[in-house]
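Chemist: Features from Swiss-Prot:
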BINDING   ARG46  NADP(+) binding site
BINDING   ARG123, SER124, SER125, ASN241, GLY242, GLY281, LYS296, PRO297, THR298, PRO299, SER300, ARG322  FMN binding site
Amino acid sequence: MNTLGRFLRLTTFGESHGDVIGGVLDGMPSGIKIDYALLENEMKRRQGGRNVFITPRKEDDKVEITSGVFEGFSTGTPIGFLIHNQRARSKDYDNIKNLFRPSHADFTYFHKYGIRDFRGGGRSSARESAIRVAAGAFAKMLLREIGIVCESGIIEIGGIKAKNYDFNHALKSEIFALDEEQEEVQKTAIQNAIKNHDSIGGVALIRARSAKTNQKLPIGLGQGLYAKLDAKIAEAMIGLNGVKAVEIGKGVESSLLKGSEYNDLMDQKGFLSNRSGGVLGGMSNGEEIIIRAHFKPTPSIFQPQQTIDINNQECECLLKGRHDPCIAIRGSVVCESLLSLVLADMVLLNLTSKIEYLKTIYNEN
C-alpha cells in the first residue's frame, strides 16, 4: 500500500516524472512549531546535483504545505504537502519504454498492473523518497520536543569501511562519510565506478540518541509482539528503494558470537555495552538505537546489458538519463527520515501503555 505508520501515518502519492509528488501526514499533534529552516535543510541534504558523486538531476524540492499548519504551528489536522517535479527529462527513456531494465522494478510492475509508466520508473522511482524526507522533517520537529535526535552517515562504500564514526563530519562531507580518513578512498571507488559506466553499493549507519549529553533515550518505545520497534524500523527501511538488508546493533555478527560475548551486561548505572543496538524485546532500552542499512549498487548503469522486452524477446538495454552512481549516499538521509517517522509513531503509541498517562491527560481537563 502507500501508507507508513499507525498513529503517525504518512501516505504518499505521485510519480517520478509527474507534475507533483506529495504526502499527507496524519496524526501530528497540534502546537508543534514548524521549523521551515529545518525542513529546507533536510530537503537540501537529499537533493541531487550538488556534486559528482550523486545524480545530476537537481530538483528545487521546495515543499508546499497545503494543510495542517496555521500561523506557524501544527493544527492537529492532516498536514498535506506537495513537491513539484521541474527537472524531469522523459525523452531519456523513449528508447527503453518497451523493455525491462535489469534489476529494476519495471518487470514486476508491468506483470502486476499490466500498465507501465516508463518515465524514470514512475511510482517505483526513488524520486518518491523526497516525500519521506519532508515527512521525516516534521517527525523530527515532534521528536525534538522530547529530546530525541536522529542522524546518519556512510560507513562503507564498495567494501571500504569506516574505522571511525564522526556524525559532525558526515554533515560536511560530500558523500556523508563518517570517517574523514577513509573518505577520499571511498570517493575514488565511486569515481572509478563512474569511469567504468558502472555503480557501487554502500552501507549507511543511522542512529537515534538523546539530545542531551549523559541522558538516555526513553525506555519502552515499541511493543513486545506486533509493534516491535526493531521490526518497524526494519520494515520502514527495507521498504526503501535499493535497501537489501537492515541490521540492528551487532546484526549479522550476532550469529557468530556466543552468549557470553554478545550479552550486554549491566551495573547500577545501566548497560556496559550496546550490542543489542538499543532494542530489547521489541522495545527501546534507553541506549542509542543503532541501525545499518545495506544498499545494492544502483541498477541504472551505462553499460550494454542483455534483457527482454514486453513481448518476451531478447534485446539489449543501453540506458540514458541521470542516475546516482551510489544510492547509499542520498539513501542514508532517507533512512534517517524513516527512523524519525518510526520513532515519532512509537512515541504516540506509547501514550496507550499506562493508565497513568491517560489520567494525566484527562484529569487536567
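Glycine residues also receive a Cβ, built from the backbone N, Cα and C atoms like all the rest.
Could you give the neighbours, burial and distances for every feature on this list?
Modeler: Neighbour list (ARG46 (NADP(+) binding site), Cβ cut-off 8 Å, at least 6 residues apart, same chain): ASP61, SER129, ALA130, VAL133, ARG330, VAL333, VAL334.
In the structure as shown, the Cβ atom of LYS296 (FMN binding site) sits within 10 Å of 17 other Cβ atoms.
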Chemist: Non-local Cβ contacts of SER125 (FMN binding site) (under 8 Å, 6 or more apart, same chain)?
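Modeler: Residues satisfying the criterion: GLU15, SER16, ASN241.
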